[in-house]
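Quick look at what TrEMBL annotates:
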- 114, 154, 159-165, 189-192, 197, 220, 274-275: ATP binding site (BINDING)
- 118-304: domain 'ATP-grasp' (DOMAIN)
Ligand code: AMP
């Protein structure tokens, strides 16, 4: 089997084949953007008719931990990337040894484990919420006493969209807690009374160049991202600081490709990093319609060794996720949508409540105007109006 590497400083040119582990909506959007640039794509996903397979040149139907399938992906691709971070260790090893995986395995190992991620952030000089490692009931009791209440317990691995998390308002709830699994690692965090949640996506190329997209203000509903509003309506000094933190993360963690940096903005203006994702991020979908290059194009540029594109914001925008329960509203409205709404539909066969089926990008002369369009069409689920002021 041949080792495929980008030779010297030679970029991987259009016409080459990019392999993607995962064929969900992120994979599909990477492909749609990469095809414009002239790349070919192979996807690997257990579902035959996944969003990615609908646009890929070739699709391998296999489980993510199928080593033979990983070898096939390695053989057929000049460069490999992934759309999720829980990549099996043995698969990472094959992809690193037999193929060109410019993002490497190290960042995956760091970002899929909350404790390792926090330590790496601290080493990079990036502030995080006060936390304790917890493995036993005693550590949970002493940790919560030290951090104060409320506090939140998270499994170190495997949680997403609020799953694997428990909030303790007081000591009584800690004492009554029975779900701690022996031998499992957890992170206990101080509960942050934040003013806003924001995220910043940075790209760092294999040549070491860094570009940072404008920060988005993220509103969650029932623990799933609901809206991303850009530019985030905060003081310019805070925007600048958020961009600098994302740059610091990209450089400090030796990122190649994209890193999505989720942050809490505190009432005193400080920023604490909550979570990282080493891939395109839902809160960066607005870049498809509102920036000079999208996060997906930027990822391909970063990994193939082409110069990074401009992350410049061309227009204010609000991204709204379309979940399974929103599909009927979309169907009822789409014929009459105003011209400043762009509809992205992922092409998933099955719709379920909470499943991300597509998204809207609502453009406007200002974020206020775009937010008003979202409100007028009934897409704003956030009952807490304070969160939108
Ligand atoms: P996570 O899985 O860590 O991204 O957490 C999901 C969501 O829970 C975040 O986007 C926040 O809205 C909330 N959350 C998580 N950790 C904290 C915390 N320490 N303080 C306040 N809210 C939190």
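Along the chain as shown, residues are numbered 1 onward.
From the backbone N, Cα and C atoms, a Cβ is placed for every residue, glycine too.
Sequence features, as recorded in TrEMBL, placed on the structure.
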{"residue": "114", "record": "ATP binding site", "Cβ contacts under 8 Å, 6 or more apart": "154, 155, 156, 157, 159, 187, 275"}
{"residue": "163", "record": "ATP binding site", "Cβ contacts under 8 Å, 6 or more apart": "none"}
{"residue": "189", "record": "ATP binding site", "Cβ contacts under 8 Å, 6 or more apart": "129, 130, 131, 147, 151, 152, 153, 154"}
{"residue": "192", "record": "ATP binding site", "Cβ contacts under 8 Å, 6 or more apart": "129, 264, 266, 272, 274"}
Under 6 Å from ligand 1 by C-beta, which of these binding-site residues make it: 114, 163, 274? Sequence order, please.
274
Determine the mean pLDDT over the domain 'ATP-grasp' (118-304), rounding to the nearest whole number.
96
Residue 192 (ATP binding site): secondary structure state under DSSP, collapsed to three categories
coil
Residue 274 (ATP binding site), Cβ-centred 10 Å count of other Cβ atoms over all protein chains shown, is 20
Give the helix, strand or coil assignment DSSP yields for residue 114 (ATP binding site).
helix
What does DSSP assign residue 163 (ATP binding site), in three states?
coil
